[in-house]
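Before we start, here is the structure in question, set down as structure tokens.
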């Protein structure tokens, strides 16, 4: 075992002395050492319950003959970090989480790992670490929050963001805004729609790195505790059989994840995270592949913000395995792949029926015959950009309008809130990319302001930043190359006509080649906004959105 280096032989007496100091018995030291990565903290609603999950995992590991040892991982609440400088620090934590987990696992020679994440960057960061370390690993998340209720209708985090826009537009009272504030987030857990956290927890299940139910069992259900115990027991089987992350997260598994991403209508952030996780597994996952998969994958689920169902309804309808079973009627999944259950995908999903055909549409009656996410290209985004097609109003799938250009989120939000953006406009927010931000902030506040003011069917927003999974509307992000490196988005001027055709996967602005070259010759790179600390290091190493904003090691 890996832990033999710190537990066996006379040479390991100093290490055993320190393990004794932990209160471990001789018998515990001789068992496999299972690291449990706890992301518990008291600032993230989706992580406040993880101590309960961790204790259940520890019980499961002990029941199956292992020695559980807990160590921490950080986690940011994107909702709390939203709309201020804190959002620059969200995406960057994905790599901090991967790096620090690698360091802890290697330094202490764990035999296996159980990852306990829940929210946005925490899940992909730990998946990246798992792929990088390639020691037996299983995931069990904290689970989704239950939806709230206002006026008898279910609501979630996206509802409060749009309520702010409605209040600023004079459409609701301050009292109604306060009601939304007090009711949209009624329990612990990851926010209740198909936002980024739940998207990634569901896709972890699809990849084969978590047991069935991981993405959908609500945080407050006792089944979540049972799932954690089963995960703790299962890791011992994975260790015995030496089933490792790269055995599970194969190229075919990532294609399954992209397919299910389209079927579920996941967050556009998945288009950043899946390539980054694949990269750590030694697999190149080109985002262009998404359109090929989308073209043959029907969108079966419209969970919030795209629709009025929530993850709790998806759980009751049969969960991710039921959606996989439905999609597999079209033979779109590789089902012979091994998973963390010790069984194949086919064995996992066998008999998992669709219990609610309103929540999970049959393949014969999908929301659309193509997937929930689209990759667009054109002279505005030569390398690519991304949009959550399933959350775009039908009338905005094709749009043409004048550019309203802003060089930061704050200026754009002020213009929207003061009525300077009108029907037909295309809001451009640039210098918010991975390097330019730095940190690629989410533009939830501007998109929510657009929706809240009733402009969701007439105004588009384009950015080299990214979006919260709670965003809906014609919100097009991850424009690559970004403005900070001289991408064409930096050359757009106020009033330029922008042409968006989501069904044709195109995005352009009207300009002659001569004028484009003239603007390019006049463009000058901007000085970095931040020159010290982690963000400065991050900006110097990060790649573009179309590559998953991975960090590139400098060549010496």
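Residue numbering: from 1, along the chain as shown.
Glycine is treated like the rest: Cβ placed from N, Cα and C.
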Write down the one residue from 409, 410, 432, 442 that Swiss-Prot lists together with 78, 120, 121 as binding Mg(2+).
442
Quick one: pull the CA-CA distance for residue 121 (Mg(2+) binding site) versus residue 468 (active site, proton acceptor), whole Å only.
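That separation, Cα to Cα, works out to 12 Å.
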Just to verify a number: CA distance, residue 78 (Mg(2+) binding site) to residue 468 (active site, proton acceptor), in angstrom, no decimals.
8
Near residue 468 (active site, proton acceptor), which binding-site residues out of 119, 120, 191, 442 have their CA within 10 Å?
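Taking 119, 120, 191, 442 one by one, the ones whose Cα falls within 10 Å of residue 468 (active site, proton acceptor) are 120, 442.
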Could you check the binding-site residues 78, 120, 442 and say which one's CB has the most other CB atoms within 10 Å?
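For the binding-site residues 78, 120, 442, the Cβ with the most other Cβ atoms within 10 Å is 120.
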Sort residue 442 (Mg(2+) binding site) into helix, strand or coil using the DSSP assignment.
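Reduced to three states, the DSSP call for residue 442 (Mg(2+) binding site) is strand.
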